[in-house]
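Peer 1: Feature table excerpt (TrEMBL):
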BINDING   12-17, 54, 70-71, 147-150, 170, 175-176  ITP binding site
BINDING   42, 70  Mg(2+) binding site
C-alpha cells in the first residue's frame, strides 16, 4: 500500500505541481511522494550547481529523502537566457512578456530543461541529478495558465502549447516528464539501491519530434577532474 512506502518530500507549495509529479511517477515508484513548502535560499550560478545547493539545503531541514525541482527556459536567440533565472523573468514579465522578448528575433526556438535533485537525507551522501529536455518554440500565450510559462511554450512536433495540451499528453512529452522518468527508472530498475553512494547524473535524452517514450537512460558520473568523453562530462 502507498501509505507503507517510505516518504519522499517534494519541495513545493504548489498542489497542482505535486499532483502532476505523482501522476508521472506512477504506482510503481517505490516512495510515497508528499509535499512540503520550504523557503530555500536563492542561489546563483550554473543550473546544476543551483540544484545541488538547493537540495542539500532542503535535506538539512527535512532530514529524510527529498527532491527539489529546478527549471530553465533557454531562448536560442539570446544565447540560452533566461535559463535558470526564468522564475524572475516570469514574475516581472508574465508569459506575454516572455513572448515579446523575442519580438526582434526571427529565431523563436527554445529549450525547456528540468532538473530534479535527489538527496537521501544523509549529509555524507551525494546529490543525484536527473535531467529532462524538451525542444520547442516561444509563441503568443494560449491556453491555461496553471504552470508559469506553459501558455507560451509550444513543444516541437505539436501545434498546441503546454497550456493547451491535454494533461495526459503533456505528462508524456514535457521536460518535467523526462526528468521524472529518469528518476523513476533509476529507482524502479534497482540502480538506486546499488549506486546511492555514487555521485551520478541520469538524463533522459531528447528523442525525435513528438516522442513519448525512451529506450534508455544515459549515465553521467561526475568526478573532480572533468574530461569530455562522447560529448558528456565525466
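Backbone N, Cα and C define each Cβ position, glycine as well.
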Peer 1: Which residues in the same chain, at least 6 apart in sequence, have a Cβ under 8 Å from the Cβ of residue 14 (ITP binding site)?
Peer 2: 35
Peer 1: Tell me the coarse DSSP state (helix, strand, coil) of residue 71 (ITP binding site).
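Peer 2: Residue 71 (ITP binding site) sits in a strand per DSSP.
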Peer 1: Through the lens of DSSP with three states only, how would you label residue 148 (ITP binding site)?
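Peer 2: Reduced to three states, the DSSP call for residue 148 (ITP binding site) is coil.
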Peer 1: Can you tell me how far the Cα of residue 16 (ITP binding site) sits from the Cα of residue 70 (Mg(2+) binding site), in Å?
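Peer 2: That separation, Cα to Cα, works out to 16 Å.
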Peer 1: According to DSSP, does residue 42 (Mg(2+) binding site) sit in a helix, a strand, or coil?
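Peer 2: SS state of residue 42 (Mg(2+) binding site) = coil.
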Peer 1: Could you list the residues of the same chain, at least six apart in sequence, whose Cβ is under 8 A from the Cβ of residue 175 (ITP binding site)?
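Peer 2: For residue 175 (ITP binding site), the qualifying residues are 71, 112, 113, 114, 132, 133, 134.
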Peer 1: Express the distance between the Cα positions of residue 54 (ITP binding site) and residue 42 (Mg(2+) binding site) as a whole number of Å.
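Peer 2: Cα-Cα distance, residue 54 (ITP binding site) to residue 42 (Mg(2+) binding site): 8 Å.
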Peer 1: Could you tell me the C-alpha distance between residue 42 (Mg(2+) binding site) and residue 148 (ITP binding site) in angstrom, no decimals?
Peer 2: 18
Peer 1: Rounded to the nearest Å, what's the C-alpha distance separating residue 148 (ITP binding site) and residue 70 (Mg(2+) binding site)? Just drop the number here, would you?
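Peer 2: Cα to Cα, residue 148 (ITP binding site) and residue 70 (Mg(2+) binding site) are separated by 13 Å.
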Peer 1: For residue 70 (Mg(2+) binding site) and residue 12 (ITP binding site), determine the Cα separation and express it in whole Å.
Peer 2: 11
Peer 1: For residue 71 (ITP binding site), just count the other CB atoms lying within 10 A of its CB, please.
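Peer 2: Residue 71 (ITP binding site) is surrounded by 22 other Cβ atoms within 10 Å.
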Peer 1: Which residue, out of the binding-site residues 42, 70, 150, shows the minimum number of other Cβ atoms inside 10 Å of its Cβ in this structure?
Peer 2: 42
Peer 1: Does DSSP put residue 54 (ITP binding site) in a helix, in a strand, or in coil?
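Peer 2: Its secondary structure by DSSP: helix.
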